[in-house]
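Notes to accompany the following structure.
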Amino acid sequence: MSRLDILNLSKSFGALQVTDNVTLTVEPGEVHAIIGPNGAGKTTLVAQLSGQLKPDAGTVALDGRDITRLSMPDRVRAGLARSFQITQVLPSFTVLENVALAVQARKGSSFRFFAPVATEAALNDAAMRVLDGSGLTERADVPARALSHGEHRHLELALALATDPRVLLLDEPLAGVGGAEADAFVDRLRAMKGRMTMLLIEHDMDAVFALADRVSVLVNGAIIATGAPEDVRSDPQVRAAYLGEEEEAPAC
Amino acid sequence: MTDATAPTPRTAAPAVAPRVKVAMILFAAFALFPLLAFALDDPFLIVIGTRILAYAIAAMALDLILGYGAMVSFGHAAYLGFGTYAVAILSSYGVTDIFAQTLFAVAISAVFAFVTGAISLRTKGVYFIMITLAFGQMAFFFFISLSAYGGDDGYGLSGRSTVLGSNMLENDTTLYYATLVALIALFVLCHRIVASRFGRVLTGIRENPTRMESIGFPPFRYQLTAFVISGCITAVAGVLLANQAQFVSPAFMSWHRSGELIVMVVLGGIGTLSGAIGGAVAALLLEEVLGMMTEHWRLWFGIFLVLMVLFSPRGLTGLFEQIRGRRE
Ligand SMILES: Nc1ncnc2c1ncn2[C@@H]1O[C@H](COP(=O)(O)OP(=O)(O)OP(=O)(O)O)[C@@H](O)[C@H]1O
Ligand SMILES: [Mg+2]
């Protein structure tokens, strides 16, 4: 089981400090949730951890190895995958082709020019196993652009899982998913618990309290509290900065 | 869990098969075309036909990166030029074998595509278009200043290339069929490439580069490889064009020519291979036919293009598939 160490990470967009000296360890096998109001800098933090954005200062280490300078693809190969708050799929590929491509990235060379990839059983079978877990089996041959929003969110998660990560960064996996569909999604995430280390960004408090072992609160780019879910929930500073606001604005 | 005993023989891209059929119909028509030329007793048709087939190769090569890789190269005529000048330069040194000339053309093109591609791929969108245009112009002006081979005026070839010592290509019909064989072989090659692991990665990068990076693919190396392959195939078209015209000049590599290649691909429908072939046929035939009717043929061609883009954004392929879909 892998560990993610974030040390003194900082990032500014012009005058706006979006990541303010963040230090945090995601312990092996834990689900660590990060909550915080809109614009707190959660997505920007995930972007820096995944290698999409360069931090101004600080380091990121996977199992003690400094990965701060690795590109996004290299981090994925090292076992660090992410999902996106705004779904990123290959719209004209079928669901199966999307996932099979994620499998292909870690199975052999992609500098193969002659053999047809569509009939590679090793890729398709591994992809189907991931789809089974996502409830997308029936939709395997549908182009990704034809999926509903909820199905898109499942495919987004399936793509990250298909890379076989040891540490998974989830940026609001439940974004836009509601009601019974959200419950099913939480069950799906719960089933993944213990199989990999997870950093979970989520607005849905029910989901956070159902899944997280520990919770950190991010406000204006800085972590103001970390602890067990119940402790964080009752922390007066947190209530003032975040949870109170949430009650006033239940929309998000 | 799916039962592992029933491996899923999924055909990933069901849209491919009908397009291969289109290509096969086109190839059959090309194979029969010389009969028409004989029937009409117009040997010049064979010459035009050879030109069309050579451009079809170049358009298909461009489609490989433009249609499948979203790389709009506005400097692809440079590779036509490398192909034509490889024939001129080697034959001036007594090397007339077409395979040696092709090898030379492909090697030069691979180096040029690797270097200029590596630089161009640092940019995106309109900047990529402009920088490939700039590199194309550099090649153009290099050959303009190459006075040993006529510079601006070009250079007449004393004869066509030989094939393993035989001068069979001196016969126009033989050259036509040799060009057709090259087109079919390169179509099969391109078709295999787009359906391969590599092709899927290339297409994935076109669809969503961020997603590709986040599942572990660094786009640059795949895009550059495709760029080099495309340049090399275009050079083969240049070798054939030099033989058809028995004359080489920098005009083969002017930016107009690069633009015409893009027009062929767009007219035929991008990202289909067979569309690029059809696009080359349509563009060059229209040029011939309109050119016979009026000297303002470019105007009419322009109007036709605008109408096509407006009413069938997916080009002739889109039009064709719409008609077929309606009939079914
Ligand atoms: N590329 C950028 N350039 C400038 N400012 C940016 C950029 N990306 C994000 N920001 C700003 O940084 C702040 C943090 O954005 P971020 O997307 O990380 O917030 P978040 O916590 O994920 O919010 P949400 O809950 O809405 O997803 C916001 O004020 C945003 O407007
Ligand atoms: Mg966000």
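Here the Cβ of each residue, glycine as well, is placed from N, Cα and C on the backbone.
TrEMBL: automatically predicted annotations, no manual curation.
Here TrEMBL flags B:20-40, B:52-78, B:98-119, B:126-149, B:175-199, B:220-241, B:261-285, B:297-316 as transmembrane segment.
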### Message
Any contact between the transmembrane segment (B:261-285) and the transmembrane segment (B:297-316)? By contact I mean 3+ C-beta pairs closer than 8 Å, pairs at least 6 apart along the chain.
### Response
yes
### Query
What else in the chain is close to the transmembrane segment (B:52-78), if you only count residues 6 or more beyond its ends and a Cβ gap under 8 Å?
30, 112, 116, 120-121, 128-130, 132-137, 139-140, 176, 179-180, 182-183, 186-187, 190, 193-194, 199, 202-203, 205-206, 223, 226-227, 229-231, 233-234, 236-238, 240-241, 244, 252-259, 261-262, 264-265, 268, 270-273, 275-277, 279-281, 283-285
### Folded-back contacts onto the transmembrane segment (B:126-149), same chain, C-beta under 8 angstroms, at least six residues removed
71-78, 81-82, 85, 88-89, 92, 112, 116, 119-120, 155, 248, 250, 253-255, 258
### Task
Name the range, of those listed as B:20-40, B:98-119, B:297-316, that has the largest tally of Cβ pairs under 8 Å with the transmembrane segment (B:220-241).
B:98-119
### Query
In the same chain, which residue numbers or ranges, 6 or more beyond the ends of the transmembrane segment (B:297-316), come under 8 angstroms Cβ to Cβ?
263, 266-270, 275, 278-279, 282-283, 286-287, 290-291, 322
#### Entry: Contacting positions for the transmembrane segment (B:20-40) when only residues 6+ beyond its ends and CB under 8 Å are counted
46, 49, 53, 173, 176-177, 180, 183-184, 187, 191, 273-274, 277-278, 281, 317, 320
